[in-house]
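Trainee: Here's a structure for you.
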Amino acid sequence: MQNYKYDKAIVPESKNGGSPALNNNPRRSGSKRVLLICLDLFCLFMAGLPFLIIETSTIKPYHRGFYCNDESIKYPLKTGETINDAVLCAVGIVIAILAIITGEFYRIYYLKKSRSTIQNPYVAALYKQVGCFLFGCAISQSFTDIAKVSIGRLRPHFLSVCNPDFSQINCSEGYIQNYRCRGDDSKVQEARKSFFSGHASFSMYTMLYLVLYLQARFTWRGARLLRPLLQFTLIMMAFYTGLSRVSDHKHHPSDVLAGFAQGALVACCIVFFVSDLFKTKTTLSLPAPAIRKEILSPVDIIDRNNHHNMM
């Protein structure tokens, strides 16, 4: 009986899960890899395009009115900030990227775990994880700026910056829409961008993303409480950043809460639906060859039994 090997039945082009062009033509495979990288960069650019347009153009926020007796917008303007934009970006981005670099290098060097079309495992790991993180940053900032210019909520220090001429305003009308600000126009436009807090959304996104990254990559069991301590510290940093905006008279408490919710939502969506941090690795296995059993008729079975009995 002929010994049939299942491996011979596999079409050569289907081995290694690819076509002959990908398996035997490295030039075409390399061009496809470059095309995919360019597509990823294009998607990253498009995700951050609303943020870039709003920040670099003269788009003005929605012109919202106010009530003369609204105490929530009568706070004085503070000259300094507890956490300015430079510190926020430096801490949020630098800490997250350094943690990702450390985690991926440890994972590849010590655990020998890396699967990617990019040949260098270190470059491949950083490309995937840092790319996903920056993609989420772009989405979060675009969401924030779109909300700011669309809603135009007045900051707590709006009247201090606007300095309207109340002698020309009839407060008995209730909601005042027709008014003119005598303050600096750039500061007035910035004072119309209260909802929602960009500091709260950005800090929550970066820190929660890092918390989830530690949950997926920090596998050392030596210190049971070390990982929860690090995660708690990161979340508290995000909370402090958002709450400082209330004490600085930059945002209302509801602005900060909305920013926290938006940053957390984007972080969870990026981690669970875009990145592969919590995705189980599945391998495609070919089915085992079927075992052919010899089928005998009842007469052949009787003859075979008689043959054994005679022996």
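Even glycines carry a Cβ here, placed using N, Cα and C.
According to Swiss-Prot:
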| type | residues | note |
| --- | --- | --- |
| ACT_SITE | HIS199 | active site, proton donors |
| ACT_SITE | HIS251 | active site, nucleophile |
| CARBOHYD | ASN170 | N-linked glycosylation site |
| MOD_RES | SER19 | phosphoserine |
| REGION | 148-156 | region 'Phosphatase sequence motif I' |
| REGION | 196-199 | region 'Phosphatase sequence motif II' |
| REGION | 244-255 | region 'Phosphatase sequence motif III' |
| REGION | 275-311 | region 'Mediates interaction with CTNND1' |
| SITE | ASP255 | site 'Stabilizes the active site histidine for nucleophilic attack' |
| TOPO_DOM | 1-33 | topological domain 'Cytoplasmic' |
| TOPO_DOM | 55-85 | topological domain 'Extracellular' |
| TOPO_DOM | 107-122 | topological domain 'Cytoplasmic' |
| TOPO_DOM | 144-193 | topological domain 'Extracellular' |
| TOPO_DOM | 215-225 | topological domain 'Cytoplasmic' |
| TOPO_DOM | 244-257 | topological domain 'Extracellular' |
| TOPO_DOM | 279-311 | topological domain 'Cytoplasmic' |
| TRANSMEM | 34-54 | transmembrane segment |
| TRANSMEM | 86-106 | transmembrane segment |
| TRANSMEM | 123-143 | transmembrane segment |
| TRANSMEM | 194-214 | transmembrane segment |
| TRANSMEM | 226-243 | transmembrane segment |
| TRANSMEM | 258-278 | transmembrane segment |
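Please situate the listed features within the shown structure.
Mentor: Secondary structure at HIS199 (active site, proton donors), as computed by DSSP, is helix.
Within the same chain, residues at least 6 positions away in sequence whose Cβ sits under 8 Å from that of HIS251 (active site, nucleophile) are ARG155, PRO156, SER194, PHE196, SER197, HIS199, ALA200, ARG245, GLY259.
Annotation note: ASN170 (N-linked glycosylation site) sits in a coil segment as assigned by DSSP.
Across the region 'Phosphatase sequence motif I' (148-156), DSSP assigns 4 helix, 0 strand, 5 coil.
Same-chain neighbours of the region 'Phosphatase sequence motif II' (196-199): 83, 88, 141, 144-145, 147-148, 241-242, 244-245, 250-251, 255-256, 258-259, 262, counting only residues six or more beyond its ends whose CB sits under 8 Å from a CB of the stretch.
Sequence-distant contacts of the region 'Phosphatase sequence motif III' (244-255) (same chain, at least 6 residues past either end, Cβ-Cβ under 8 Å): 72, 75-78, 81-83, 153, 155-157, 194-197, 199-200.
Cβ neighbour count for ASP255 (site 'Stabilizes the active site histidine for nucleophilic attack') (all protein chains, 10 Å cutoff from its Cβ): 28. Under the three-state DSSP scheme, ASP255 (site 'Stabilizes the active site histidine for nucleophilic attack') falls in the helix class.
Model confidence over the topological domain 'Extracellular' (55-85) is summarised by a mean pLDDT of 92.
Per-class residue totals from DSSP over the topological domain 'Cytoplasmic' (215-225), listed helix then strand then coil: 3 helix, 0 strand, 8 coil.
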Trainee: Near the transmembrane segment (34-54), which residues from the same chain, at least 6 beyond its ends, have a CB less than 8 A from one of its CBs?
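Mentor: Residues 117, 127, 131, 134-135, 137-139, 141-142, 144-146, 148-149.
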Trainee: Is it true that the transmembrane segment (86-106) and the transmembrane segment (258-278) have 3 or more CB pairs under 8 Å, sequence gap of 6 or more?
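Mentor: No, the transmembrane segment (86-106) and the transmembrane segment (258-278) are not in contact.
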Trainee: Among the recorded positions ASN170, HIS199, which residue has the largest number of other Cβ atoms within 10 Å of its own Cβ?
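Mentor: Counting Cβ neighbours within 10 Å, the top one is HIS199.
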Trainee: Please report the distance from the Cα of ASN170 (N-linked glycosylation site) to the Cα of ASP255 (site 'Stabilizes the active site histidine for nucleophilic attack'), rounded to the nearest angstrom.
Mentor: 29
Trainee: Mind checking which residues of the chain, 6+ beyond the ends of the topological domain 'Extracellular' (55-85), have their Cβ under 8 Å from one of its Cβ atoms?
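Mentor: For the topological domain 'Extracellular' (55-85), the sequence-distant neighbours (Cβ-Cβ under 8 Å, at least 6 residues beyond its ends) are 145, 148-161, 166, 169, 171, 174-177, 179, 189, 192-193, 199, 241, 244, 247-250, 252.
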